[in-house]
Amino acid sequence: MVPPLPARLPPELLERFGHPTPGHAQSVILGGDTAFSDVHYREALVALSQRPQDHFALYVHVPFCHVRCLYCACNTTITHSEERVDQYLDALDHEMSLVTEIIGKRRVSDQLHVGGGTPNHLNEPQLARLMEIVERHFEIAETACTSVECNPRRTSAGQLDLLYGLGFRRISFGVQDLNADVQRAIGRVQSLDMVRDVFLTARDTGFESINLDLIYGLPFQTLAGFQHTLDQIVALSPDRIACFSYAHDPVSRPHQHAIRAEHLPSIAEKLQLFHQAVESFSAAGYRWVGTDVFARETDELTNAQKERRLYRNAIGYTPAPAKQVLAFGPSGIGEVGGVLVQNAPDLKTWERQLAQGLLPVGGGRRLTEQDRRRREAILYLMCNLELPASSAKGLEHEYESLCRNGGQGLLEVTNEGIRVTPEGRYLLHGLCVEQDASVDWGSTQWRAMVSP
Ligand code: SF4
């Protein structure tokens, strides 16, 4: 059943819970917590070295793009210099050496995600070198989930062949919106023909799973225009679709000043756009997973959600409990043995720290036992849409406050626990993020990290 859009949500509830936080797990840029240093991350890695049986995922951040999209919330540098990319690859190799010197060479990883930026901004020899570096330092398990993000405007048939040959089996393309007015306003013009051509070539190449990203809440988006985009996306029949909320924050991202606030839909209109996506994808046989992903009934994420084992790590939703993530590249976010860590977001700072022989830490947080309990409870609620009362042990204050905030139809509270109502799903992310605000995390960004 398609969750109905809350018909008469009071404006104050929309204002409170409807504002977007970074949709993509890796788009958070750390602001504070500089007391956390290389020394603390090193300790977490030493502890990991003593647990050789631990599984983990790898995330590699490629911080380059050809041009900057005006809505961009990612950490990227615009460059046309191949030499600049080569320098980054040298530094990436060094970063992996520093980490594997501590945890051990060629530890097995069962998930690899290469994101950005635009990973396919790299030329073919550079893409091959990137994978050579990864595989020299880590063993990618035969059954590993291997994925890469690509910009369709930088993709070619030869490049897709190469990526497949390098071992990638999942690929994700950023589409955002297919309407010409919207595309012009966000500085990202890509025709439906081009997107379709790239998509079908990826299918022919043999990728096992193709994801398409959309964004709602962009300038000039209307219900009619967005419906056209949704229809075209459904016609392509991707395996997964991610539909993120646009976060307009020109103070932190000055390039967004080029997007005029008066051209943006209101919060209520944004919810309508998202509801339209939920309706279209549900009618086409997709299931709404977590807060913003749509997957086929047979998809492993769908099964994981049905079986209450869906998890969300620093890379995104995962069916396996890959709770530990080793992240590389500027701004990469990792999680190792109860420590959240983010690399220095600035490319030059990241390189400078590495040149000094330091792990390029920008900030981090060692989770206390209470932090860990809260994080697990919030993630469980976001992934599985319920929270058994028994999981609230030691979190009585938070549980009460969540029940109180989830009034007005967002949550259903019984003696057994909390269930998110169909209407409540639309504001669940905001509800969970606000939950963290009751604790002093030291920075807003870490709140988003603790309940991504
Ligand atoms: S391609 Fe992605 S990372 Fe690069 S500028 Fe556009 S939105 Fe940002």
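Here the Cβ of each residue, glycine as well, is placed from N, Cα and C on the backbone.
For Glu149 (S-adenosyl-L-methionine 1 binding site), the count of additional Cβ atoms within 10 Å of its Cβ stands at 23 [all protein chains shown]. Taken from TrEMBL, the feature S-adenosyl-L-methionine 1 binding site applies to Tyr59, Gly116, Glu149, Ile333.
Sequence annotations record features per position, and here TrEMBL assigns [4Fe-4S] cluster binding site to Cys65, Cys69, Cys72. Every protein chain considered, the tally of other Cβ atoms within 10 Å of the Cβ of Cys72 ([4Fe-4S] cluster binding site) stands at 18.
The S-adenosyl-L-methionine 2 binding site annotation in TrEMBL covers Tyr71, Cys72, Ala73, Gly117, Thr118, Gln176, Arg188, Asp213, Ala247.
Per TrEMBL, domain 'Radical SAM core' is recorded for 50-287.
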### Query
Which residues, same chain and not among Cys65, Cys69, Cys72, have a CB within 8 angstroms of the centroid of the CB atoms at the recorded [4Fe-4S] cluster site?
Val67, Arg68, Leu70, Tyr71, Cys74, Thr76, Thr118, Gly187, Arg188
#### Entry: Set of same-chain residues at least 6 away whose C-beta sits under 8 angstroms from Thr118 (S-adenosyl-L-methionine 2 binding site)
Val62, Phe64, Cys65, His66, Thr76, Glu149, Cys150, Asn151, Arg154
#### Entry: Cα proximity to Arg188 (S-adenosyl-L-methionine 2 binding site), best match among binding-site residues Tyr59, Cys69, Cys72, Gly116, Ile333
Cys69
### Summary
Ordered by sequence, the long-range same-chain Cβ contacts of Tyr71 (S-adenosyl-L-methionine 2 binding site) under 8 Å (at least 6 apart) are Gln176, Ile186, Gly187, Arg188, Ile215, Leu218, Tyr246, Gln256, Ile259
### Task
Determine the Cβ neighbour count for Arg188 (S-adenosyl-L-methionine 2 binding site): the number of other Cβ atoms within 10 Å of its Cβ.
22
